[in-house]
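J.: Sharing a structure here in structure tokens format.
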Amino acid sequence: MNSLPATSRMQKISVLLFLAWVGFLFYAGIALFTSGFLLTRLELTNHSSCQELPGPESQPWGSQGKPGACWMASRFSRVVLVLIDALRFDFAQPQPSHGPGEPPVSLPFLGKLNSLQRILEIQPHHAKLYQSKADPPTTTMQRLKALTTGSLPTFIDAGSNFASHAIVEDNLIKQLTSAGRRVVFMGDDTWKDLFPGAFSQAFFFPSFNVRDLHTVDNGILEHLYPTMDSGEWDMLIAHFLGVDHCGHKYGPHHPEMAKKLSQMDQVIQGLVERLENDTLLVVIGDHGMTVTGDHGGDSELEISAALFLYSPKALFPGAPPEVSRFLHTYSAAAQDLQVKELHRLQNLFSKASADYQRLLQSPQGAEAALQTVITELQQFLRGVRAMCIQSWARFSLGRMAGGAALMAAACFLCLLVSQWLISPGFCFRPLLLTPMACGLAGTIVCAGLLTTTGLKLDPVVLGAMAAVGSLLPFLWKAWAGWGSKRPLVTLLPIPGPVLLFLLIRFAAFFSDSFVVAEARATPFLLGSLILLLVAQLHWEGKLLPSKLLTIPRLCFSASTGPPQRNGTHALGLGVGLLLCIRLAGLFHRCPEETPACHSSPWLSPLASMVGGRAKNLWYGACVGALVVLLAAVRLWLRRYSNLKSPEPSVLFVRWGLPLMVLGTAAYWALASGADEAPPRLRALVAGASVVLPRAVAGLAASGLVLLLWRPVTVIVKATTGAPRPRTVLTPFSGPPTSQADLDYVVPQIYRHMQEEFRGRLERTKSQGPLTVAAYQLGSVYSAAMVTALTLLAFPLLLLHAERISLVFLLLFLQSFLLLHLLAAGIPITTPGPFTVPWQAVSAWALMATQTFYSMGHQPVFPAIHWHAAFVGFPEGHGSSTWLPALLVGANTFASHLLFAVGCPLLLLWPFLCESQGPRKRWQPLGNEAEARVRPEVEEEPLMEMRLREAPHHFNAALLQLGLKYLFVLGIQILACALAASILRRHLMVWKVFAPKFIFEALGFIVSSVGLFLGIALVMRVDGAVSSWFRQLVLAQQR
């Protein structure tokens, strides 16, 4: 009796472990490819000193030995470095005065730094304004490293913006402190991690809250002028963040940007008035910003920054920096620079040095000779930069090929096993034993070889070896035992149109134009696939709005509607889907490569709106979307009677979800009007901005815990006597004797219970035995899934701008329409095997991508919604980095998570769409006389309970659905990896292909985890249903 239930549990465990193993194969391939594609350069720990001359000793480095001098004579004793984060060059560029009759320029950021223009006009020999070109990635931490070390940032370092690490290379701060100079810092706390303990005095302020425009700047102003007046400093660094945060929150074209730049102008004017003759003022921007206020990429607006120099005494002409010794040291340590180009550059530098020495010895014709030296040194510096960029982008082709091959093998595994699952002789046991045993053996062997040879244990290589060691034996066994016995065409069960769609999508990732325009191409592909589905349903005659099966042994009568109604039903679903896709396309963010495109203004938060009336109208629309979403979910649950259950999870849906809607609406009201709140209420508003998002997230977590604890949402009633119509009665008088009996209990409750208990009641007294009635078991799986998705959606919605609530509403509506359209063409095979067509899986995965773009995302770093890290944490996270990364990741990949968790609905929905009304069934009687007097009995449709008729096929169908979904996602990540590797020398590799690969890889990880959780939830509900019926039968026996 206990062995078969254990077998059923073992099947569920095997399914989950096999999905986890397939995910591990993809993860290992992604990690191996990434380790060969995104390389970091070698960081030298050498430090320069005054005793080591930067050039030939014969040159006049005559300032040695002078007090405070090193290599060359110092022109200034002190430096004030004002770093205005995201100070774009046109913010500081002088504006020509407009003539009479000409309208003034209305851009808010132009002409606000008037003090710079005035100084440049009055003291042209004391001030210089340059346009600085920042090397990408244009994130703050990478730019600080480049500015203080003079080196180039690497692409992979962009992810370190969450967690800065101390600089080990030779840098400006290290040299100043080594020389005994007093360096005082105030501003962005990123410097604290980059230069720990390096400052004689420091005032750090939290920097990552992009919604806060004033805390850092006001903190600096509190200490800036008193520190200058004290004179206890040699270098004063002030890193202002208000301009950068204003760009993130409002954009450069908002009036708040004009206020911030005007404040910075007053700061510069105050510093100029306090400068002494031996002090140099440097005002610099670390990078620029896009038209939307973001940065991180390499567009012209992002790399364009301002550099302003001023001193009360005349400035000296700048000399190019010395990099020859660094080049020599790096080439000896790393040995990855091109030898031929290295020799050419060394010869060029030697020639420039010789020309400079001759110029000093014979000053005749100095002007022309000096220009020649300058040109040679500029060629040298540009050549060194180009060579280093090319060298530091060198790839490990072996790792890249191995990672791509592992991902391709994992895709083939998904395709092979998904077809194997519907074969008659399929067994779950090899799914669990073979990969685990082979993977463990491969890991032990690899670790032993690396240990004995003394090589370093690389976790990426070790994981890849474990993946290969578990994959190859499984593929060989599967092919030998099943695949070789069938023709090759059966191993490729994907229908022709879907296969063509996948091939088109696979090939499109090799085009940078498609990747840039994917936000516009995806709705077109999705709409084309929907039209194909409607046409295919029409051709195959499967346009059935209700699933009514004819099962002869139970004497069911099948009925179908008129063909016109069927066609209208499917056509209405298709038109509704196309309309939703078109509406979702209104929420779009334009990539920076398409300047003619204009991003949707609806993606910005309500706080960025200027007009109060328009803001109120939009707030009402956003709250209305929340109410409609809540009402739709409650109406759906009420339709299937799951909302009447007394279970804790249903009670939470009744009362907890309205509280979540109320908390979300209240938080939006505070966030959109926080700047307009009266001063006496700002503390209350700030506290509520912390409490409300956390309360909503806490309610969602509580609801999910209750759902996992009691997932069966049915109504149970105990009655005496004959049961009323539309009830479900247990047919057994004692405990089941086998697992087959237990699995058969559930469908028999729907089919034969009235007949069994009617005969039993006729043989008992008038006071009949106690019977048990249970209602609406036919939607128990879908009810749990819909509830879980709703609970997940609300905290994810909080991480987005308010108007994205309309996109979330469209997401649920699109999913509902697509599920109904797909259910119309998925046949219900009783008792199995159950399968989900490839068309359904492909459309579901494509809809996840379409929703990703409709939520205002793009697969580039400047488009990341950093503000999500501060929802519920307006003061920042302290030293924690995993929590802000988790919040930003949840914001970015919300659509991937929701569609992956809801993927099992593709299997459940066709059964749910079975006719909802009671069906009449004639009781099989012994003679015609009894038949004339015996009434017909109304019976509930089985719906999702049909899946329990064959638990083996149910578990196999869940595994097959998961593998199909992973295959579609795996094809996408494989295409991105191949495109990035093949086009690694393409002009757009770091701008388009590399970010796309990173986003697809992270999206695949999120989707695979969500898929695992969704299938695990269905299995949890299935186990709870079995337990529930077992307890019900035993309780009735007692």
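Using the three backbone atoms N, Cα and C, a Cβ is placed for every residue, glycine included.
From TrEMBL, here are the annotated features:
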| type | residues | note |
| --- | --- | --- |
| TRANSMEM | 15-39 | transmembrane segment |
| TRANSMEM | 400-422 | transmembrane segment |
| TRANSMEM | 428-450 | transmembrane segment |
| TRANSMEM | 457-476 | transmembrane segment |
| TRANSMEM | 488-510 | transmembrane segment |
| TRANSMEM | 522-539 | transmembrane segment |
| TRANSMEM | 617-637 | transmembrane segment |
| TRANSMEM | 649-671 | transmembrane segment |
| TRANSMEM | 806-828 | transmembrane segment |
| TRANSMEM | 893-912 | transmembrane segment |
| TRANSMEM | 965-985 | transmembrane segment |
| TRANSMEM | 997-1019 | transmembrane segment |
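Could you tell me the structural context for the features on the list?
T.: Beyond its flanks by at least six residues, the transmembrane segment (15-39) meets 154-156, 392-400, 402-407, 409-410, 413-414, 417, 428, 431-432, 435-436, 439, 460-461, 463-464, 466-467, 470-471, 955, 958-959, 962-963, 966, 970, 973, 977, 980-981, 984, 994, 997-998, 1001, 1004-1005, 1008-1009, 1011-1012, 1015-1016, 1019 of its own chain at Cβ-Cβ distances under 8 Å.
Here the transmembrane segment (522-539) has long-range neighbours at 497, 501, 504-505, 567, 570-571, 573-574, 577-578, 581-582, 584-585, 818, 821-822, 824-825, 839, 842-843, 846-847, 849-850, 853, meaning same-chain residues at least 6 beyond its ends whose C-beta is under 8 angstroms from one of its own.
For the transmembrane segment (649-671), same-chain residues at least 6 beyond its ends with a Cβ under 8 Å from one of its own Cβ atoms are 605-607, 619, 622-623, 626-627, 630, 633-634, 637, 642-643, 677, 685, 688-689, 692-693, 695-696, 699-700, 702-703, 706-707, 709-711, 713, 784, 787, 790-791, 794, 797-798, 802.
Sequence-distant neighbours of the transmembrane segment (965-985) (same chain, 6+ residues past either end, Cβ-Cβ under 8 Å): 19, 22-23, 26, 30, 33, 37, 393, 395, 397, 400-401, 403-404, 407-408, 410-411, 414-415, 418, 502, 505-510, 512, 841-842, 844-845, 900, 903, 993-994, 996-997, 1000-1001, 1003-1004, 1007-1008, 1011.
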J.: Are there 3 or more C-beta pairs under 8 Å linking the transmembrane segment (617-637) with the transmembrane segment (457-476), counting only pairs at least 6 apart in sequence?
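T.: Touching, no - the transmembrane segment (457-476) and the transmembrane segment (617-637) miss the threshold of 3 or more Cβ pairs under 8 Å.
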J.: Apart from its near flanks, which chain residues at least 6 from the ends of the transmembrane segment (617-637) lie with a Cβ under 8 angstroms of it?
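T.: Distant contacts of the transmembrane segment (617-637): 606, 609, 643, 650, 653-654, 657-658, 661, 664-665, 668-669, 672, 713, 783, 786-787, 790, 793, 797, 802-803, 805-806, 808-809, 812-813.
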